[in-house]
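What TrEMBL records for B:Glu425 is active site, proton acceptor. Per TrEMBL, the feature FAD binding site maps to B:Thr143, B:Gly182. For B:17-137, the entry in TrEMBL reads domain 'Acyl-coenzyme A oxidase N-terminal'. Annotation source TrEMBL lists domain 'Acyl-CoA oxidase C-alpha1' at B:279-440. Annotation comment: TrEMBL describes B:474-650 as domain 'Acyl-CoA oxidase C-terminal'.
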There are 2 protein chains.
Amino acid sequence: MSENPDLTNERASGTFDTNAMAAVIYGSEKFAQRRREITEAISKIPEFQDSHPLVFMSREEKISEACRKLAVLSNYWNSLIDTSDEEEALHLYREVLGLEGHPLALHETMFIPSLIAQASDEQQEKWLGRAQRREIIGCYAQTEMGHGTNLRALETTATFDISTREFILNSPTITSLKWWPGALGKSANWSIVIANLIIKEHNYGPHPFMVQLRDEKSHEPLPGITVGDIGPKMAFNGADNGFLGFKNYRIPRENMLMRHSKVTSDGSYIKPPHAKIGYSSMVKVRSRMAMDQGLFLASALVIAVRYSAVRRQGYLEDKSREVKVLDYQTQQHRLFPSIARAYAFIFCGFETIRLYDQLLIDVQNGNTSGMADLHALTSGLKSVVTYQTGEGIEQARMACGGHGYSMASYISEYYGVAIAGCTYEGENMVMLLQLARYLVKSIEMIQNGKSRELGPMVAYLAEKESEIDLNLGPNEYLKVFEYAARNQTWRATEKFQKLRNSGMSNEKAWNQASVELTRASRLHTRLYIMSTFINHVGSIVDQKVKGVLIDLLNVHVTYEVMDIGIYVQGLLSSNQMDLIRNQLYVSLETIRPNAVSLVDSFQISDMQLRSVLGRRDGNVYENLFKWAKSSPLNKTDVLPSVTQYLKPMMDKSKL
Amino acid sequence: MSENPDLTNERASGTFDTNAMAAVIYGSEKFAQRRREITEAISKIPEFQDSHPLVFMSREEKISEACRKLAVLSNYWNSLIDTSDEEEALHLYREVLGLEGHPLALHETMFIPSLIAQASDEQQEKWLGRAQRREIIGCYAQTEMGHGTNLRALETTATFDISTREFILNSPTITSLKWWPGALGKSANWSIVIANLIIKEHNYGPHPFMVQLRDEKSHEPLPGITVGDIGPKMAFNGADNGFLGFKNYRIPRENMLMRHSKVTSDGSYIKPPHAKIGYSSMVKVRSRMAMDQGLFLASALVIAVRYSAVRRQGYLEDKSREVKVLDYQTQQHRLFPSIARAYAFIFCGFETIRLYDQLLIDVQNGNTSGMADLHALTSGLKSVVTYQTGEGIEQARMACGGHGYSMASYISEYYGVAIAGCTYEGENMVMLLQLARYLVKSIEMIQNGKSRELGPMVAYLAEKESEIDLNLGPNEYLKVFEYAARNQTWRATEKFQKLRNSGMSNEKAWNQASVELTRASRLHTRLYIMSTFINHVGSIVDQKVKGVLIDLLNVHVTYEVMDIGIYVQGLLSSNQMDLIRNQLYVSLETIRPNAVSLVDSFQISDMQLRSVLGRRDGNVYENLFKWAKSSPLNKTDVLPSVTQYLKPMMDKSKL
């Protein structure tokens, strides 16, 4: 079937080359090209297709389907991608396995990296190869049923038995059960387990241990191990997140991961050379999140924008044919600022990963000074990006009306997966308050006359406000954000200090100022996002691509400043606010002809998108009908529930 | 097992009687008492318990479980409730069937009421008794695959064949398939179908027809009928929403519902006496939505507030024990304004239903003047309440951290069900613009010197702003909202008028002003919600109950005004904004000791809540473990997916 002419027309109105834009989105022409090649190669391998739509499957079926594909993948791995390129592997996983999780996800992203980072050379000798060859499947068990973000409170113990030179693992309470680790429930047979190291009744705090969970032949849990799946979740139902309990479960001393801390056979504890080790993997995961979330948002927008160019409802001037819903200003206002954010998050992801890579080099050279900055930044970034992504995806879904609510749109699955990011890798409120600590310290430096020592990202906190001339472009909007973030950071800090100076404890004062502090963190983070967006666009060479990105940037800066209007009352006059508001509406119209091309540029294949509504060819309705007819309830015309319960009820009434 | 002492302590700190509060929430002591009695009676009937948790079931199992309970219910119906009392029936359904939908939902809420409203006396004679006795199961088919809110565009036709005196039903295109009606897919054997009435090639527009879909004996679809389930959805997966197509399907002339319009046997069309018939059922459904959504929000808050009083994480001053997360200001700020909104929505629901009942009396007396007012009001109310409810539920879920994401919390199911309200019964943006039309007309009346003819709900649009003295209490905050709504309504109207006067078509000008117009509608609606909250609290007699509701009202008015801060820049000084901000934080602390009692007062039983996290006794962790162990994936220690795919993959690697 040919392409829906409504989409053909949209594509014809685009002013730039989507391949050139894809090169910008994915960081290089080379990688954008590789993505297309991998997608093309995969499409030719029938075993990689979903057996039937994932949304029709039970959890057991989803997990089984994922395992089937993983087994197939292991045959094609080397022929499809450059296995040394993490991005290519991620793309392959996204295409074939999708986003609902799978039993090897933690093996690749946490188990192997942790072995590399935390196992000694001898330990790597023993386990790393086995893990990389997938002789064993591992996971990473840290979070407990009663303990998440606060690691100090973990309860699992690993007590050193000096007589046998073993650690005895125990879960002393119900709240100490490991809870949530991915692939732990049914798939993994080994795990890195974080437990309190106890030697001679002294608790040295949480340390990592390599623990075998299941027999390698029978896959049955070993004696002393309680393990299982934690049940269905809002999303990620293709993953077997698990629980894990220990009862006097013994492992050899050599199973404590000893790259950093060590326990000798006589029970002596040897401290790691410096304390902040392990910290950087957290920073790395959070750095990646901006990019991943940007792609989740992008996916939802691909679906919503394409569908909005096909869906017609109501009338404007022409009463003979209903209008594309994308022509309504309310629809554009729902979708286009989110397109801008998706681009912004992805660009911001690049920049943050660049900073991370730089940090790694610095740390190797013994310079850890940038660590706190980047840790604070990624904490805030993670919070703002996950929240705004969730918000944007839901607006995209609602913009699709009733069919958005059908699993045929698949948008709610994107929402479920993306919004989990508000909670995992550090709960958002806690993360915002971590950034706030850094901001308060920065203010204290200024108060103590040390403004010059401020890092580049917080230098603006010491600056005075300047006149704003909105005609001068995006950088003026940046100044508006600087004003807002600076003002709110000072306000929140002063509230905290005032409470503390009034005799309140530090903790109580902090708590009472905490809502104001989180606001400061959000504004600081949004300033960073806007600033990286502006810089990134500035660096682009292709003039057509740059032109449309400047239009998109105009949507972004005007929308974001309107959105934080309450924080800039002291700076902007009501005339200036009116000007920005009107500018936003003009920008929405300007971007309209490029809307479909802007989402096409993400080059997310139909296979990966898994959305009937978001199909590239726009043939939505025929395929929606086809999809529905093939759904499980339609295997039979008369359901057993009717025969068993409804019919007897109806028949009885007739007596 | 006894109650968790953390919750016992919370309950001891409450300052009022939760039964007295329940009487306020549910409108009368009598009904609050009846709710408790019905809940108590149900709890003694084992057949009403879920066979196992709904979240472990497939769609087939959910539908079957619902049918099982419906069959049981028909035996107990008369002994459990006063069947003439709609509220008692609703409570019974909520307890036993829950919120995921069931095959009789449309039969009760749309099919029977439509027969009553639209069938002639003879037609009622023929079908109403059968429907009420449940000899037949019906649904209501209006929406089509390509056509939702815009009824003018419906495509299904009912063409009168004068020779046989039959209507011939057809679905001329794929987009004309009926799509979404509840219970249509597999359960209903009859349906009211909305189709374009065509006589002698003249289209008289959409009319209702009574159509048999399935054989009453075999339950097989009749020839000419294509019917099935539309597939899985974001929620409501216990309902079989369906599709329906016709191919030259003939029904007798007498099957057009002829209480209002008629077609005689010679093919003459007789118009209804007045056109706005049928309008009021829409108003009624939307009136109910404020209350239903308030209860969805309440349910999520019961779960989140109780769990937050049990969950401990991090430390304040006391470092020996982690603190209840409910003691964090950020957590209170997430939850308490939503508690206030839940109360506000429920009170607002009462008031709107009262207005609706009054309208019915007026209309029967020939006075239809209030119809437009109430239609506009309920359009806006529906939009604001559904959106804020969704937002509040998601915040409640995230406030529960990781376990909120587990289906054990069940909050995401509440979200899925509640957020559907943004789309069904009129998409929110369209609804806001309907209200906006009414607001613009009101402004035009003022401009034409007819301010005195304005209804009471829009009279404030003609008033001048007055000085605000925040010390004078909630009514001053109301004035702030009046200022905001008035200002924005004038601004949006003037934008529309200016565009139109510049030579733009009416439609285009409206479209370009539409984002501003929706903002006016939201502010107007929020003003109405606040005003009914204030009035309702003012009418309460029990002084202890009134006291805590005044505290809650203080949370509400301060939070809401802060939330619309950008619209009141011209009115409030920055000192006044600071005052409100601080007042909000004080109000959060004031309400803290009553938080658990305020959610207890909703008296939503554990059976109805279906949440491990929200259990009344607070014994969360033991039950979470029990719940997980009983989930489907844990039926066996080694999944087939491991034996079939993962083990061979691991073993092959070892070679």
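Glycine is treated like the rest: Cβ placed from N, Cα and C.
Structure coloured by features recorded in TrEMBL.
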residue  : record                       : DSSP (3 states)
B:Thr143 : FAD binding site             : coil
B:Gly182 : FAD binding site             : coil
B:Glu425 : active site, proton acceptor : coil
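In sequence order, B:Lys178, B:Trp179, B:Trp180, B:Pro181 are the residues near B:Thr143 (FAD binding site), counting only same-chain partners six or more apart with C-beta under 8 A.
Proximity to chain A (CB-CB distance below 8 Å) holds for B:Thr143 among the recorded positions B:Thr143, B:Gly182, B:Glu425.
Taking CA atoms as the reference points, B:Gly182 (FAD binding site) and B:Glu425 (active site, proton acceptor) are 13 Å apart. Summarising model confidence by region, the domain 'Acyl-coenzyme A oxidase N-terminal' (B:17-137) averages a pLDDT of 95. Local packing around the recorded positions B:Gly182, B:Glu425 was summarised as the count of other Cβ atoms within 10 Å of each Cβ; on this measure the leading residue is B:Gly182. Using DSSP to sort the residues of the domain 'Acyl-coenzyme A oxidase N-terminal' (B:17-137) gives these counts of helix, strand and coil: 89 helix, 0 strand, 32 coil.
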